[in-house]
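Notes follow once the structure below has been shown.
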Amino acid sequence: MEVNRLAYLTAMGSLRPPSPNGDWSKPQDAPHKSVIDMMASGVSHIKVLKVDIDAQHLCVCLPHNMLTCCHPAVDMENLLGSGSFGKVYASGPGICAKVFTSAEAFYHETVMMDLVALARSYNCDDFKSVCLQFYLSACVTCKTIWYPRFSQSLHTFKDFTVDHLHDLDREFKGLTDAVFFLNQKCGLFHGDICPSNILVETFKGPGSGIKSLILTDLGTAAIHAGNTFKSLSINNPQDDSVIYNAQIYLSPFLVCKDYVKPLCVLRRCYLLRHHAQDVDVEEITDTVVGQNMALKIDCSTLLQVLLLVLARVMEQPNSLTYESWLREIEDDSSDAYFLLLLGPKLVLLTHLSQLWEINFDVGVNTQGVLSRGQLPHPHTRLLKECCQLFREEFDAVVKEEVLIKLGQGVLKNIIFELLQFDYFEIHGRQPQHGLFAQSHAARADSEHGNWRTS
């Protein structure tokens, strides 16, 4: 029994494709030719030193221009921001410099950004990368990468109004294209899409609209399993010694910020914690994520960011009720923690269902009832109570003018598109999971047992 439980936890913690004979079935990774594959037969920004077909591994070296300090000066007196791996300073006109405290973090982000640059060069006619950040240069000696400069991100941009809805509709379609480009043409899984990692460019003038949203920060991006070559290292061309292995350890707990974790990842985390007993499930990690799973998680996380931003638009100024609920939940060591994160997301989706007179099926409803299977009774009651409490607070701060605008269908298509990926099951939405509940089913917030199968 103990062996079976450990096998279950290990399988639940892994995001890689299952073995052909395994029980964890899901759609196979789609064949494509990504930038990782193309690097094996050409020389570009990063030069290929050695190809190990059996190990599915590439050895590369950095180009000469990254090894010399021929770049704009960094204004160390003008700090723009800071993060886990370094700080961002002003540099030349219109650019900024990200100075890393860790050589490993610098190498990783440099390689990921150069792969994106390579993909762009190989796909000149593909404009899906317009909303994906590009880098200007990098210096190994200074452990610094130069980027175009933006004044704010979705995390710091708080002055949303109903007039921004059309901008959000347009730009999140562009961000969705960027995720597809990253997945299909770059062979990468972002894994950390959040408001802080989406930059904002506004039109000039007070109360101006959003000109563009840009997906950035590949500091924890990973090479997904859809590539022919699934790992990569930076080697010294003189003696072939390994300088850095571009490898990220993945688990459902490490993927995405908790407050924007999609439903499929919340489900995995919940099950891992629920069945853990004395096993440290956070130590169960893997180094490969399947291509389809990578796309599902990134698109589903993008949906959660959109819902969070939409909640800012819907709420009275300075309320941030939706965001506060998600950020202030305590005791992340329990399985119930992941159900409490689920509550506000379900309530907001229910609001949209009612506005558009459509019954979304996301695998669970605000009554704590699953489309397939069931939660333990105490957890059903907990999720139901969480949804009720949040709805009471949220309804009190929602602006009527926004509901009217949303009722006209703004954001409807992009939310439908992103909902195609997420579902409260470990592999996300699959072909048998319809986007909408059956026409005769009860509303998502009604008192009903199983609104999808009853």
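Note: Cβ is positioned from N, Cα and C throughout, glycine not excepted.
Annotation source Swiss-Prot lists ATP binding site at Leu80, Gly81, Ser82, Gly83, Ser84, Phe85, Gly86, Lys87, Val88, Lys98. In the three-state DSSP reading, Leu80 (ATP binding site) counts as strand. The Cβ of Leu80 (ATP binding site) lies under 8 Å from the Cβ of Val88, Tyr89, Ala90, Cys96, Arg149, each on the same chain and at least six residues away in sequence.
Counting every protein chain shown, the number of other Cβ atoms lying within 10 Å of the Cβ of Asp192 (active site, proton acceptor) is 19. If you look up Swiss-Prot, you'll see Asp192 marked as active site, proton acceptor.
Counted within 10 Å of its Cβ, the other Cβ atoms near Gly86 (ATP binding site) come to 21, all protein chains included. Recorded residues Ser84 (ATP binding site) and Asp192 (active site, proton acceptor) have their alpha carbons 13 Å apart, per Cα-Cα distance. For the binding-site residues given as Ser82, Ser84, the lowest number of other CB atoms within 10 Å of the residue's CB is seen at Ser84. On a Cα basis, Asp192 (active site, proton acceptor) lies 17 Å away from Gly86 (ATP binding site).
Asp192 (active site, proton acceptor) and Ser82 (ATP binding site) have their C-alpha atoms 16 Å apart, to the nearest angstrom.
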